[in-house]
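Student: Quick one: the structure is below, and I'll ask about it shortly.
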Amino acid sequence: MSSKGDSKPNQDDYKLKDTKPELGERWPHGGQRGGSGWISSERATSTYDLVEQMFYLYVRVVKAKDLPPNPVTSNVDPYVEVKVGNYKGKTRHFEKKANPEWKQVFAFSKEKIQSSVVEVYVRDKEMVARDDYIGKVTFDMHEVPTRVPPDSPLAPQWYRLEDRKGNTKVRGEIMLAVWMGTQADEAFPEAWHSDSATVQGEGVYTIRSKVYVNPKLWYLRVNIIEAQDVEAQDKSQPPQVFVKALVGQQVLKTKLCPTKTTNPMWNEDLVFVVAEPFEEQLLLTVENKSTPAKDEVVGRCSLSLHQFEKRLDHRPVHSRWFNLERFGFGVLEGDKRNELKFSSRIHLRVCLEGAYHVLDESTMYISDTRPTARQLWKQPIGILEVGILSAQGLQPMKTNDGKSSTDAYCVAKYGQKWVRTRTITESFNPKWNEQYTWEVYDPCTVITLGVFDNCHLGGGGGGGGGGASGAKIDSRIGKVRIRLSTLEMDRIYTNSYPLLVLRPSGLKKMGELQLAIRFTCLSLAHIIYLYGHPLLPKMHYLHPFTVNQLDSLRFQAMNIVAVRLGRAEPPLRKEVVEYMLDVDSHIWSLRRSKANFFRIVSLFSGVISMSRWLGEVQKWKNPVTTILVHVLFFILICYPELILPTIFLYMFLIGIWNFRFRPRHPPHMDTKLSWAEAAHPDELDEEFDTFPTSKPQDVIRMRYDRLRSVAGRIQTVVGDIATQCERFHALLSWRDPRATSLFVIFCLIAAVALYITPFKMVASVAGIFWLRHPKFRSKLPSVPNNFFRRLPSRADSML
């Protein structure tokens, strides 16, 4: 199924495969959709109908009372050990406590249970000798009740402890609940799992499934207008100053004031990315260019971000004067501050922009288009449900004690929500069967899923990856992107996606990820309405950023997201966030440039085949076809008003004809399209080279880096051209069923309208509209432009 070693893999290994998992068939009120395709009230009660059912034996240890003291120490340090066959789970121990409370749940995978009894031991922790036995409770596996939500949780009961022979003890009781349940159980996320029994210490927190929320990002716009009474240290000549602004790790500077004056003016905008809660401050320093090589600080001020207003549109913000703290007066000269008769001050207009969407991911793979301010959010138009089922044939990622292993987990990112499945330890075929739901506000968005190997399981170095301690990072296993607009409504997609990673040694298939996906429509009219509106909030078009600004701001936003999620508990690590957000997508790659070039070439193949067909008509290769073309030509000459209706009718017929061949699967990583298989080793060596290059010669380094930076921009432009061409192709290809349906219907209406309308009138109206006065134009993109930008391209399938 998957490639072994370095042997040449079968081309089918890189393709999407259909799977037939048993989804929701045994879930109460669940099951697959009926023929109607609408949500039934029964189905809405189950949130696990897109995953296979997995059974677990749950043991909830609540508390104990009246435990007998140790006759030697006259006290008890109790803990509980739950034993099912070869698996043991232990609670923490309490010192000198006869009535402890643990409130801990243990989950044992049913398919791995090889015992017919559940044994719950209460033991006394000994520091030197063997732990002392206090008592136990035994349950027959066949007598354990089954509980599946929405059933109420099983109530725990008191059980009297037994001695080794099975006799009831005089003292000591324990409160327990034992039941058979599924992964839908409320106890499942926080339970101790037998699947990960080898994980110890802090590593236990990194194996549980978690949901993370993206930090709320704002653009901070600082308009530096002017300053007054700026004095240089050298009083003999007026200063020539500029302002340096610092927020966290972001540093921006204004231009140098063109004149030497104590009252400089700039009126420049500096834009930063900040995140709630606002921990950083805006630090401004006014610096004098005393010599070409030296800048001296002549004043500074530190401003809290909480004092600035939040703007929800483009209305002007009130400007304010802020006093500058004089620089250069140390502690010993503190008295001199009182001698100052006036203070320098700076004039600012600062606001937090709430009407923009802060881009932390590429617009090619954007998953969220909502503005920062919640007041500006629209209603959701659909629900995205993803069942992360399992992975197959994963490659060994590390070696522990001479044994190859993989501890895999999956991360999904869409909108503001990140999810991480639990880590399945030491398995090349992990089964997660976890289901997650997102609200969808725009269908022209992409969900990204990545699979990683957990290298932070702790336990005395048992889960370490290669390299030194402290430098361990979670290894990439592969990534999948799915554009929602390519999914049909209310259809469950069950596919196996190849996990592909490009390395310096070449392309490698790391395994396959099995997913179940459903995109449910809440408002079809709203979706159709969105196709004629801009993808991003209108402020991006009314007051756009420059290309360089956008690149810089996106880099800062990605960095903030990575840092904030890395500070969560447990952390979603920096290397994971950067891989999911495509942090290195701007780096020069000859392979990627070649792939983009051939994307364009392949799209021109249609024009070439059309010219070849015309050449065959000209040469009478098929006499019947040539005669029909002559007849059509003379009809159009005699009746020129039929030209446009014929073209639109022809496109309508092509769209209807192509409906039979519409893609039935979501797009996936395409190795041929990415030129990943045919890449030369030298090209891969360049792609994975450090930036700047690690080559030794200084001149080569300078030229090489210059070439790479220029080529990186060219690569982006070529990719953009290819994307636009592919969007033209997507008009009639049914890659986005709703977009093609709208265009096909438009073509039919246009064909009829142009047929009944005189051609001269159509041409006159079109010309007048095209030449209309700027007063009648809008800065916002037109409806056709918005529709075109929302069409999918094959950029989704680029590796």
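Using N, Cα and C of the backbone, Cβ positions are placed for all residues, glycine too.
Per TrEMBL, the features are:
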COMPBIAS  1-28  compositional bias 'Basic and acidic residues'
DOMAIN    38-159  domain 'C2'
DOMAIN    199-322  domain 'C2'
DOMAIN    365-497  domain 'C2'
REGION    1-39  region 'Disordered'
TRANSMEM  515-532  transmembrane segment
TRANSMEM  597-615  transmembrane segment
TRANSMEM  627-659  transmembrane segment
TRANSMEM  742-771  transmembrane segment
Student: DSSP says what for the domain 'C2' (38-159): how many helix, strand, coil residues?
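Tutor: Its residues divide into 9 helix, 52 strand, 61 coil.
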Student: For the transmembrane segment (742-771), give me same-chain residues lying six or more residues beyond its boundaries with a C-beta closer than 8 angstroms to one of its C-beta atoms, as numbers and ranges.
Tutor: 528, 531, 640-645, 648-649, 651-652, 655-656, 731-732, 787
Student: For the domain 'C2' (365-497), jot down how many residues DSSP puts in helix, in strand and in coil.
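Tutor: The breakdown for the domain 'C2' (365-497) reads 7 helix, 63 strand, 63 coil.
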Student: Per DSSP, what is the helix/strand/coil residue tally across the domain 'C2' (199-322)?
Tutor: 9 helix, 66 strand, 49 coil
